[in-house]
Amino acid sequence: MTIETMLSEEKSQSSDNRNNGSIKVGISSGEVDLESREVFRTGDDVLDFRTVSWQRATIMFCKINFAMSILAIPQAISTVGAVGGSLILVGFTSLNVYTALILGDFRNRHPECHMLADMMGLIWGMVGRELVGVQIIVLQILITAGGVATTAVGLNALSNHSQCTVIFGLASAILVTACSSVRTFSKLGWITWFGMITFTVGVLVFTIAVTQQDRPAAASPTGDFDLGWTAIANPGFVVGMVSSANLFICTSGSSMFLPVISEMRRPQDYRKACLWAGLIVGMLYLVLSLVIYRYCGTWLSVPAFGSAGPLFKKISYGISLPGLIIGVGIYQHVAAKYAFVRLLRDSDHLQKNTFTHWGTWLGINFAFGTAAFIVAEAVPILNYLLGLAGALCAAPFSLIFPCLLWMYDFKGYRSGTLIQRAQYTIHVLIALIGLYMVAGTAYAVVVAIKMAFQSGTIARVFDCADNSGSV
């Protein structure tokens, strides 16, 4: 049975069985076997993808969200102030965790859905599924490009700009693609542990280093200086929206959790993994970014490691680069896995070691790695890439689409009890917040990138100049 047929039948059956907000997925629970509708089957004659425990899923969710955003968040907080930034960060983190639960619950009620595109196909049909699929790929390429650009900065810093920055960007893209080419999330999960540890240690070393400095590395070495710390700042619309987008996108990776659920031993354990990951990542972002801002003030670099001075910048990059590469590799892996399943679904090649299987998988990874490299060289500034990703894709994926899916399954709440109608209204409001983020952030990021080219902050595309401040 093809995915189009399954989604069509699911849509018809779900509509018939929805009664005042109560949900019966497909036909009655006594007749439906959710396990048989899972994307990856279990059996002796196929490659077993269903090997991820909830503990390993938790670490993967943490690494998906706790990544290069920590290198942009302190700058974002310095723009909107410590109190303002903390409120925005906590608010968006809470909202993103909630919508992540919505996505996971919806996926477990409709297990034939591998990615968000399949889910949106239930309510928008084939056209909607294909459009959202393109968005998924665009989002992952933009974030991967941000990681490639940041890794190139790190290689520049470690080598004192011994090579053209484009060469370092190419090397970064190759390393990320090698990581993303690991075939299953279970095997990728083992190196994710290593990546999470090294990246966290690198960030901790950097954070401790800035607390031991007499003054920020970028400040004047002698005389008085203004730290620039403020509780609530008043930035302009463009700067404020770019900063808010960076604070939003740092925990908006919930759409990337979905393919992991398809490879979990027990998809029912998703909620547990999601909540633990949200708590851990939210606390790490809040505490570390506030400490960094307290000691660096407005004297912050993007990426933030440049604020620690030449020695600790190198130490921090040296420790955290493996984690950065692995984390970005997961983003590219998700995009590649979506395209891979999309092309080979319902064929023997999906779970068998055939030439078509391997050729498709490696070819997709190579294509996406190449695209990320080109984007990274065209817009080589992390916070702009993250802001652009947040505007075009992350806001719909984390705010708009989850609420539409919730309203699809709980359609009866619109005319139900007072509490049910209130719940329905809340989800409409969350979707409207998402629409505002899309429009406002897209405008702000485009203006900011235009200003960066005009001011020389971005000199030209495929630029060999040092971008790490090392020379």
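Any Cβ shown, glycine's included, is placed from N, Cα and C.
The feature N-linked glycosylation site is assigned by Swiss-Prot to Asn20, Asn160, with sequence analysis given as support. The region 'Disordered' annotation in Swiss-Prot covers 1-24. As annotated by Swiss-Prot, transmembrane segment applies to 70-90, 131-151, 162-182, 190-210, 229-249, 273-293, 315-335, 362-382, 385-405, 429-449.
Within the chain, the transmembrane segment (429-449) has long-range Cβ neighbours (under 8 A, six or more residues past its boundaries) at 95, 99, 237-242, 244-245, 248, 379, 384, 387-388, 390-392, 395-396, 398-400, 402-404, 458. Its own atom aside, the Cβ of Asn160 (N-linked glycosylation site) has 12 Cβ atoms within 10 angstroms in the protein chains shown. The list of residues near the transmembrane segment (362-382) in space but at least 6 beyond its ends in sequence, with Cβ under 8 angstroms from a Cβ of it, reads 68, 71-72, 137, 140-142, 144-150, 152, 165-166, 169-170, 172-174, 176-177, 180-181, 302-303, 332-333, 335-336, 339-340, 343, 388, 449, 452, 457-458, 461-463, 467.
In the three-state DSSP assignment, the secondary structure recorded for Asn160 (N-linked glycosylation site) is coil. Sequence-distant contacts of the transmembrane segment (229-249) (same chain, six or more residues past either end, CB-CB distance under 8 Å): 69, 72-73, 75-85, 88-89, 92, 96, 293-294, 297-298, 383-384, 386-387, 389-391, 394-395, 398, 437, 440-441, 443-445, 447-448, 451. Only sequence-distant pairs (6 or more apart) were considered; of these, at least three Cβ pairs between the transmembrane segment (315-335) and the transmembrane segment (131-151) are under 8 A, so the stretches are in contact. Contact between the transmembrane segment (70-90) and the transmembrane segment (273-293) is supported by 3 or more Cβ pairs under 8 Å, counting only residues 6 or more apart in sequence.
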